[in-house]
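Comments concern the structure below.
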Amino acid sequence: MLNITLPDGSVRQYESPVTVAQIAASIGAGLAKAAVAGKVNGKLVDACDPITEDSSVQIITPKDQEGIEIIRHSCAHLVGHAVKQLYPNAKMVIGPVIEEGFYYDIATEKPFTPEDVAAIEARMKELIAQDYDVVKIMTPRAEAIKIFQERGEEYKLRLIDDMPEVEAMGMYHHQEYVDMCRGPHVPNTRFLKNFKLTKLAGAYWRGDSNNEMLQRIYGTAWATKDELKAYIQRIEEAEKRDHRKLGKQLDLFHLQDEAPGMVFWHPKGWALWQVIEQHMRKELNAAGYKEVKTPQIMDKTFWEKSGHWDNYKDNMFVTSSEKREYAVKPMNCPGHVQIFNNGLRSYRDLPMRLAEFGSCHRNEPSGALHGLMRVRGFVQDDAHIFCTEDQIVSEARAFNELLVRIYKQFGFHDVSVKLSLRPEKRAGSDDVWDKAEQGLREALTACGVEWGELPGEGAFYGPKIEYHVRDALGRSWQCGTLQLDFVLPERLGAEYVTENNDRARPVMLHRAILGSLERFIGILIENHAGSFPLWLAPVQLVIMNITENQADYCREVAAKLQAAGFRAELDLRNEKIGYKIRDNSQYRFPYQIVVGDKEKQENKVAVRRKAEDLGSLDLDDFIAQLQQEITDALVNH
């Protein structure tokens, strides 16, 4: 007899072997119908997989996150089924799950059109309506190869070649269509009703631009119709907030083919940039940082010594001059070590906090570039703290407090924390990594925050804490980082004189709050839908006259506002006031000021905030109100 322990601690006995589906059926008809898969001793399995020894078992349903991901994965297979029925010559490649969805890469003779995607979605719905069972058959390697050879699925054969150690493959049969996967998958297509294909894109085989271009069909799938509907609404809202669209509408920036991944900032966009940079500079000065500037281009030997050449050269731009090879810096850290090394440092100098709005370049694949979110040229709000091991926890705590306060100022109150651990390709010994990872765990504990851990996601030189902000649409963006590095100070010979007059290596904390300023501005645009808070808006007020009679008074109002530190623009065009209000509304300025004869006579201004008419206000009172609004945002949050 088999003893099966359920999540509530109860134990059920069965004849051996038994499947998850059979266990669910023995508990109740409702659970049997809802069972997508199972978790046996912590491992996900198909509902049809046999259990042959005493085990702990959890029935996975669409209410579980794992259940939703299995539904999405099975929807990817369903894309394959529909595509092969409609386009028999297409070659199926891979179809993984991604956040909130899935995709399938497909090799075709000619690119799919939006009409093709609509036809594929319609055929998927027809197949779901057939309510067929998805049948899993563990198939010997040689037989799996034969199946895909007969079907002409060359990419599946290449994938099998990548797995020389695998003796049997999970083959999932959707009627006549067969796909290969580790699984698990849904037992029946009835679980796949709440799906939608969302977009079409190109993708290179294995992500390498030297390889052939494939067609990538993206989709999403959910447990319920309401969840699908809510997701589609979020996507539609995200499209309205797209920073590329708003960047053009608000006249902030543009990009063009002659400078891929580089941004042309327009006056309003650069004003926004300057507000952010100057605010960060003020905060960093108050927190004890010293601002520095390091070279853009340095000799290749310097990058070899730092370890970047071995670990990062594919992402670096290189150039040569006078028979010397140079690289454009992809990050600022080695330059900051040079400043630390330029002079004899004492333990009394620590912690030393060096900050730089450092301009970096990384040779990102052209297909990966995306507006401001993924660029080749960018500026980081970078800083490096050189300290002793005893100072790690206090410096991490101070950084955490600074970061959380700044995020609140920008309107982000929901911050989650992840700890990224050692990657496979790394510098430094395991002992050094053990020490670094434990140091960050202790720092996070001291900050009183909860965190999740991400194995394999650290930088090559050290583990890192990642800070993720949640925006107005509920999306998570990784912005801030804190990385602990024992490796780079060793490689570049950083040292200080201890209290006992010995030499010691400092610990190096790499940290950023905004990350790339370009990307952070993209996130801000989408979070605020282009309607920035007063303190942040590139133009805070526009002042409009009704007739030429008020033009001089408008200039006086603008001068007084500008003298008080506000970014105000004049609109004295000879147009009707209704037109000017509508025209300026597209730029989403926080305030519009209208001046007529009455306001001019009474030394007042008629104020509009977005679509709301606030009436006529005394100018000095209005200025005081604006100042209080900024104080509330930056000091009182």
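Cβ atoms here come from the backbone N, Cα and C positions, even for glycine.
For the Zn(2+) site that Swiss-Prot gives as Cys333, His510, the extra residue drawn from His370, His384, His468 is His384. In the domain 'TGS' (1-61), helix, strand and coil residues by DSSP number 14 helix, 26 strand, 21 coil. Here the binding-site residues are His384, His510; the one with the fewest Cβ atoms within 10 Å of its Cβ is His510. Taking the Cβ of Cys333 (Zn(2+) binding site) as centre and 10 Å as the limit, one finds 25 other Cβ atoms among all the protein chains shown. Residues belonging to the domain 'TGS' (1-61) score a mean pLDDT of 94 in the model.
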